[in-house]
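Visitor: Supplied in structure tokens, the structure appears directly below.
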């Protein structure tokens with residue numbers, strides 16, 4: 001179960017890097033987080049897996065709702081290459097979606113941080129070997145990589161030529177649930193943590209392990225910048241096809 005969960009996180013993260021379908025990227029992100037829950041279960045951390053399920057449900061629902069608004073407002077297209085610069089037309093959705101992405105990455109004091117950080121720190125205390133720890137940090141870095149890539153191509157990158165209808169944000173039936181879920185992504189982490197673990201214990205880790213996650217996050221950002229132009233290159237067409245077909249597993 002440990003090996004399957006790690007490979008699930010790794011495969012879904014790599015595939016999401018070369019994917020351009022907005023809903024597929026979020027679905028692959030869900031698959032990666034399910035692998036994280038199975039990873040926690042394989043270590044015997046059943047309560048933490050359920051805790052991560054609760055926090056993940058909140059910010060992933062926010063992510064899917066924001067994606068739906070973007071698709072509806074961008075002419076019903078799901079290709080993020082046709083987006084670009086949507087932060088000007090969808091400022092509220094941009095803030096809410098980035099909040100969900102930051103929570104997915106495990107940024108401190110957001111909902112995802114309280115569950116993912118506990119899983120990572122407790123996993124570091126198990127003597128499973130350097131390979132398991134290395135793969136865990138790599139999978140965490142892949143999460144940051146495809147999340148930042150999604151944000152860049154959708155909101156910051158150059159305009160892709162698609163249609164954009166900013167009137168979507170004036171529809172309270174669309175924006176209302178997004179704002180509510182954004183608030184829960186901010187406050188649900190500590191509340192659920194206190195409810196699930198009223199008397200948490202202290203976790204002591206070496207300094208290199210505490211800083212290891214930040215190191216791999218920084219490396220993943222540099223890799224994202226270097227891969228940005230390569231994903232459009234014909235030289236990487238085979239790699240993109242290999243990743244887009246889920247490593248040929250459906251075959």
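Cβ atoms are placed via backbone N, Cα and C, with glycine included.
Just so you know, TrEMBL annotations never went through curation; they're auto-generated.
Not my notes, these are from TrEMBL:
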| type | residues | note |
| --- | --- | --- |
| DOMAIN | 1-137 | domain 'NADH:quinone oxidoreductase/Mrp antiporter transmembrane' |
| DOMAIN | 146-250 | domain 'NADH dehydrogenase subunit 5 C-terminal' |
| TRANSMEM | 6-22 | transmembrane segment |
| TRANSMEM | 57-76 | transmembrane segment |
| TRANSMEM | 88-114 | transmembrane segment |
| TRANSMEM | 126-148 | transmembrane segment |
| TRANSMEM | 174-197 | transmembrane segment |
| TRANSMEM | 203-225 | transmembrane segment |
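Have a look at these and tell me how they're positioned relative to everything else.
Guide: Cβ atoms under 8 Å from those of the transmembrane segment (57-76) belong to residues 22-23, 26, 29-30, 33, 82-83, 86, 89-90, 93, 96-97, 99-101, 103-104, 110-112, 154, 162-169, 174-175, 177-178, 181-182, 184-185, 188 of the same chain, restricted to positions at least 6 beyond its ends.
Long-range Cβ contacts of the transmembrane segment (88-114) within its own chain (Cβ-Cβ under 8 Å, at least 6 residues beyond either end) map to 29, 33, 51, 55-56, 58-60, 62-63, 66-67, 69-70, 73, 140, 143-144, 147-148, 150-151, 154-155, 164-166, 168-169, 175, 178-179, 181-182, 184-186, 188-190, 192-193, 217.
Distant neighbours of the transmembrane segment (126-148): 2, 6, 9-10, 13-14, 16-17, 19, 25, 28-29, 32, 35-36, 39, 43, 101, 104-106, 116, 120, 209, 212-213, 216-217, 219-221, 223-224; these residues of the same chain sit at least 6 beyond its ends, with a Cβ under 8 Å from one of its Cβ atoms.
Remote same-chain partners of the transmembrane segment (203-225), defined as residues 6 or more beyond its termini with a Cβ less than 8 Å from a stretch Cβ, comprise 105, 118, 120-122, 124-125, 133, 137-138, 140-142, 144-145, 148-149, 152.
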